[in-house]
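This report concerns only the one structure given below.
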Amino acid sequence: MFCRKIIYRNFRNIEYAELEPSETVTVLNGRNGQGKTNLLEGVYLFAGVRSFRSARENEFVRFGAELAELSMTFFNGRREMKMDLRWTAGNGKRYCRINGVPITKLSETVGNFRAVLFCPGHLSLVKDGPAMRRRFLDAAISQIDPAYLRSLQKYNSVLLQRNALIKMSRDRRDDSIFLDTAEMWSEQLAREAETIASKRYRYTERVSTLVGPVISDMTGGHESASLEYSSAKTYEEYLRLLTENAARELRAGVTLYGVHKDDIKIELCGNDARAYASQGQQRSIALAMKIAEGEISKEYGGEYPVFLFDDILSELDASRRAYLLDGITGKQVFITSCDEVNTESRVFRVENGKLELSV
């Protein structure tokens, strides 16, 4: 899989740009604040996922413009494809066309174009709280399993409504507002939770089998790592937790149990990596997790996804940087950097939202 060309119109600080990347390594070079990450973000959005920078998509529209537009031609391993994305100023609603056909649901875009993003924030995958690791799972699984994305969307919708009832009950001091319909909302939540947890569990198992050898390879066999998804596993377990803790949830004002509270347990040499691993060791595990994400994407799609490295090389020490660059052979990679990148590549200079091919 590789991107052949992407056109940007009024996207972030980019008035107009055409990017024709190398089929191997493309470097976007320039000072901070010039638009390098905007260009990378544009590529990532074609994977059918949300932005890694902002939840408000109306921010994509360049100041003073009415529309932001992205257009990509790419080869997905089976055929040539063209995808167009558009956002209007104000509501920021996303419009999509694939090969000229309008697409109304985000989940219908998933799987056509796949990308693995590695940015400085991911280096905290081990150190940060559970929400960071859940986002890792959701972004990765959604790209290879449209049904997972639909379950996640349904779960979040039910959770939002259930929480609204809990809050209303507490604010009005009337428990019956929630309790009268709690069984229905809990059943719906537990049903989607079982599906999501099952897929997260299997995905984490596969990540663990790949992370272990990478960590061993990085450390010359001196260290090992493993991951385990921590969660209830069945519809009955989730329903019991929700039913038995309704009174606690009313006091707290929110839903206390479900996949929105789950986590990945990460161990290094048998110890809790979050508590006992050094910063360097935690970064190695995060790097291994992103490498594993790419390998699993290939297993599902038959082709490697496109890899996007956003200012990550400067955050890695020499050995981890070399390990990452050694592993990109045969893959299409986009790298943003303020400095020169010591690898064979097509280099574009980025300044004030404009692109210029370096020669």
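Yeah, the Cβs are placed from backbone N, Cα and C, and that goes for glycine too.
According to TrEMBL, the protein carries these features:
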type: DOMAIN; residues: 4-342; note: domain 'RecF/RecN/SMC N-terminal'
type: BINDING; residues: GLY30, ARG31, ASN32, GLY33, GLN34, GLY35, LYS36, THR37; note: ATP binding site
Those residues of the chain, 6+ apart, with a Cβ under 8 Å from that of ARG31 (ATP binding site): CYS338, GLU351
Least surrounded among the binding-site residues, given as ASN32, GLN34, THR37, when other CB atoms within 10 Å are counted: ASN32
Candidate with the highest Cβ count within 10 Å, taken from the binding-site residues GLY30, GLY33, GLY35: GLY35
C-beta crowding around LYS36 (ATP binding site), within 10 angstroms: 27
ATP site shell beyond GLY30, ARG31, ASN32, GLY33, GLN34, GLY35, LYS36, THR37, criterion: Cβ within 8 Å of Cβ centroid: THR336, CYS338, VAL350, GLU351
Collapsed DSSP category at ARG31 (ATP binding site): coil
Mean predicted confidence [pLDDT] for the domain 'RecF/RecN/SMC N-terminal' (4-342): 93
